[in-house]
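Notes for the one structure printed next.
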Amino acid sequence: MTEISILNDVQKIIVLDYGSQYNQLIARRIREFGVLSELKSHKITAQELHEINPIGIVLSGGPNSVYADNAFGIDPEIFELGIPILGICYGMQLITHKLGGKVVPAGQAGNREYGQSTLHLRETSKLFSGTPQEQLVLMSHGDAVTEIPEGFHLVGDSNDCPYAAIENTEKNLYGIQFHPEVRHSVYGNDILKNFAISICGARGDWSMDNFIDMEITKIRETVGDRKVLLGLSGGVDSSVVGVLLQKAIGDQLTCIFVDHGLLRKDEGDQVMGMLGGKFGLNIIRVDASKRFLDLLADVEDPEKKRKIIGNEFVYVFDDEASKLKGVDFLAQGTLYTDIIESGTETAQTIKSHHNVGGLPEDMQFELIEPLNTLFKDEVRALGIALGMPEEIVWRQPFPGPGLAIRVMGAITEEKLETVRESDAILREEIAKAGLDRDVWQYFTVNTGVRSVGVMGDGRTYDYTIAIRAITSIDGMTADFAQLPWDVLKKISTRIVNEVDHVNRIVYDITSKPPATVEWE
């Protein structure tokens, strides 16, 4: 099969974005069934969808009311495409509203529902095949459907929601008031799988090998015979991008590894050894540590740090690219979650991301972001599919701004050194305990807080280091890792004894949400 025929033969389920911070989880769950799923704007037209030729469409949740003046709508012709459609929460209400039903504030029809609720199935449905008649689901709605459109019938309800699941099988239209994409809906994965496989007819044959073929084709068509510049950060994402780009365009790729003085312990030498030596990437190493640290002096605001670093990275690339001939593209390791956290057209910005929000307006390159439709676990799977060794693929995630966002407040060499050394100890002990595959991400943070301590016979007034360790599947949500006490005790003892200017260790037990993974 040729690469072009692979591209044309890929089955897709499109998720239309109506503003939920977690609507991308829908796409992520569907991909788990071996089906490519992508997020598109709710403004997409029926003609544009027809050209994409998806086998299914999902209308996501969102914060608006469908009857409000500023409500996000839908091209009504989409309902006439003959493509199966699943409306989730706002999506179900939108289907109802547009096709002649009625949606009102929940107080006029039952109560608002936020949290787990029991769904009672009243009829059999292909959408709920293999799931129990009563099941826990996550509700999050302030409006409710009171009248369903002609041709629809009730499938399920809850104590506070008269229409929790509806369908029109003749037109292949389905609506559910709850969120199957979150783990709190116990059978949510089964419901989404039923929609993808049983209703949409997905083959379930999407894989990272397909992705590699597609992305290589896209890269070659985009780049042609021109050259690409890639900034290596030392993290998994940029490393995978480097190997993928080299596979696609070979020596048209030049990598710049910028040592901004904000790297982990021995990171520079490790990057050069792994990617420059083993994989033969053409890497230019630039020591710009003084340049970055001078700009960051006395800067405390995390958003300013990110913007400064994002801008300066590109200016460094600009300086280096000016020494090269014919470089037109800048490649980045931006992930789906990076774009999500920076806010989409319909979702509130949580924080700007260094790969999407810190670029200067006068940037001289076109962007290539091969991973911007992938989640972190998919990037690791891609790395394995590309033949990268596990020690690279499972390397701890590291943000582009580096240790700058793991030092609270103003950055100093002393603070940076406390994070470098404590982080190295943490990673070493987690690996020794055999937990490095169980804990999704772990690192240390200099909190900027000093506290009184006693060492030997003397009083100390030194920094407090926080340990952050989380478990997650895709980075969209996360729980703090419940590390064994003996492991935590050993880590704490080593850091206090081996790292200068530190006398207290605390453990971050906050999940995401409400917190983000990084502290800044």
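Including glycine, each Cβ sits where the backbone N, Cα and C put it.
Positions annotated as domain 'Glutamine amidotransferase type-1' by Swiss-Prot, on the basis of sequence analysis: 12-205.
The active site, nucleophile feature in Swiss-Prot is assigned to CYS89. Long-range C-beta contacts of CYS89 (active site, nucleophile), restricted to its own chain and to partners at least six residues apart, with a cutoff below 8 Å, comprise SER20, SER60, GLY61, GLY62, SER140, HIS141, ILE176, GLN177, PHE178, HIS179.
For HIS179 (among others), the entry in Swiss-Prot reads active site.
The DSSP secondary structure for GLU181 (active site) is coil. For GLU181 (among others), the entry in Swiss-Prot reads active site.
Residues annotated as domain 'GMPS ATP-PPase' in Swiss-Prot, with sequence analysis given as evidence: 206-395.
According to Swiss-Prot, the ATP binding site annotation covers SER233, GLY234, GLY235, VAL236, ASP237, SER238, SER239, on the basis of sequence analysis. Secondary structure at SER239 (ATP binding site), as computed by DSSP, is helix.
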Quick one: give me the count of other CB atoms within 10 A of the CB of GLY235 (ATP binding site). 20
Near ATP: residues not in SER233, GLY234, GLY235, VAL236, ASP237, SER238, SER239 with Cβ within 8 Å of the site Cβ centroid are LEU232, VAL240, VAL241, GLY333, ARG395, PRO397, PHE398
Give, as a single whole number between 0 and 100, the mean pLDDT over the domain 'GMPS ATP-PPase' (206-395). 83
For GLU181 (active site), the closest of the binding-site residues by C-alpha position, picking from SER233, GLY234, VAL236, SER238, SER239, is VAL236
Starting from the Cβ of VAL236 (ATP binding site), draw a 10 Å sphere and report how many other Cβ atoms land inside it. 24
